[in-house]
Amino acid sequence: MKPTVWHHLRLCPHGHPDETIDDAAIAVDETGTIAWLGALSALPHGYAHWQREDLHGAWVTPGLVDCHTHLVYGGTRADEFAQRLAGVSYEEIARQGGGIVSTVRATRAADETTLFVQAAARLQPLLAEGVTAIEIKSGYGLDLASERKMLRVARQLGERFPVTVYTTFLGAHALPPEYAGRADEYIDEVCDRMLPTLADEGLVDAVDVFCERIGFSLAQTERVFEAATRRGLPVKLHAEQLSNAGGTALAARYRALSADHLEFLDEAGIEAMKAAGTVAVLLPGAYYFIRETQLPPIDLLRKHGVPIALATDHNPGTSPLESLLLTLNMGCTLFRMTVPEVLQGVTRHAAAALGRADRHGALEVGRQADFAAWSVGSLAELAYWIGRPLCEQVVRGGTPVFRRMNG
């Protein structure tokens, strides 16, 4: 690529709308790295001969980060949506053999090509909203071959699309039918066979567990964390979504990158997260879709200074959401977060939730030039508009990878 100066833009380099530069420029070298940024009037003379790209006054933010998704799976769960509308709870559906296990059946039956095509269709709306990094979990295979298949598809998405994909092994997502009544034996399989094999194959960037009364116990969760730690893999946790099971405190003991959901999180768990540097990942799409009523403890998270990230939690059962911008709106309207909080929640804090704050979530000299240009009058509009296409252009590694067609 040619060294390029992107100019005539309004710059929000760290995802905070109070830290901006009007009439700014970003100089990107031939490697796709940011060589300089600041006010256009201060552009050093050494960049005068570089190619120019005029963004016509657009707002520019770091590329967005969707730090919690289940993007690869087979089938849908539209039938369960109808059940919930009729009053059947998420937990009851799971106990009846639906929920995660129904998606497991569909995912096991699908081949890699089918899973790739379906996941690619889910990914593309996110890319058109400025997402340049995404986490994708396994967890709908629940056996070695199927978990491998999911993680391979996730890796392929990162190779075939202009997005950085981080994979999370979520083998301890639910108990597969063949292990009914034998949860400890299944955890043996996860820890002794599945995790080591998939890690050795280079398919795992982090490890997650669903710690809940309809998921896995604290003791079982700790076994998975121990297995991950032995292999040098960071951990994450689905925690405190349906009850206060104490998973967050356990996650903090293992210095988890993040604890996610957190509707029933208590102050002791928050204090543990703060001490461990664990990010709180809130998932308003799931809260909305299954009509939860217990709000995450936003005020306590603020009080203790725990960084808050937001994510789509895209999945077929509780958050079939393909819009990170709608997630921003939900963070404000449902969780009563501020615009600066939600914007940082999908940039710097989302990057921290992946352990990649040094690579994503900010625009700084020496970093890869991943950014999005927005046709808005103010950054608050990113959380304000519902359903309007706002992203004009996405640049990854200094190369334009998306431009909105007008007219």
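Each Cβ is built from the backbone N, Cα and C atoms, and glycine gets one as well.
Annotated in Swiss-Prot:
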- His68, His70, His238, Asp313: Zn(2+) binding site (BINDING)
- His68, His70, His238, Asp313: Fe(3+) binding site (BINDING)
- Arg77, Tyr140, His173, Gln241, Thr318: 4-imidazolone-5-propanoate binding site (BINDING)
- Tyr140, Asn315, Gly317: N-formimidoyl-L-glutamate binding site (BINDING)
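Annotation: His173 are the binding-site residues among Arg77, Tyr140, His173, Asn315, Gly317, Thr318 whose CA atoms are within 10 angstroms of the CA of His238 (Zn(2+) binding site). Listed in sequence order, the residues His70, Tyr73, Arg77, Ile100, Thr103, Gly139, Pro316, Thr318 complete the 8 Å Cβ shell around the N-formimidoyl-L-glutamate site centroid, once Tyr140, Asn315, Gly317 themselves are left out. Between the alpha carbons (Cα) of Tyr140 (4-imidazolone-5-propanoate binding site) and Gly317 (N-formimidoyl-L-glutamate binding site) lies a span of roughly 11 Å. The Cβ centroid of His68, His70, His238, Asp313 marks the Fe(3+) site; residues of that chain outside this set whose Cβ lies within 8 Å of it are Thr69, Lys137, Asp260, His261, Leu283, Ala286, Ala311, His314, Asn315, Ser319, given in sequence order. Neighbour density for Asp313 (Zn(2+) binding site): within 10 A of its CB lie 27 other CB atoms from the protein chains shown. In terms of Cα spacing, the binding-site residues His70, His173, Gln241 that come within 10 Å of Asn315 (N-formimidoyl-L-glutamate binding site) are His70. Of all the binding-site residues given, namely Gln241, Asn315, the one with the smallest number of surrounding CB atoms inside 10 A is Asn315. Across the fold, the C-alpha of Gln241 (4-imidazolone-5-propanoate binding site) and the C-alpha of His68 (Zn(2+) binding site) stand 14 Å from each other. Of the listed binding-site residues, namely His70, Arg77, the sparsest Cβ surroundings within 10 Å are found at Arg77.
Taking His68, His70, Arg77, His173 as the binding-site residues under consideration, the smallest Cα distance to Gly317 (N-formimidoyl-L-glutamate binding site) is found for Arg77.
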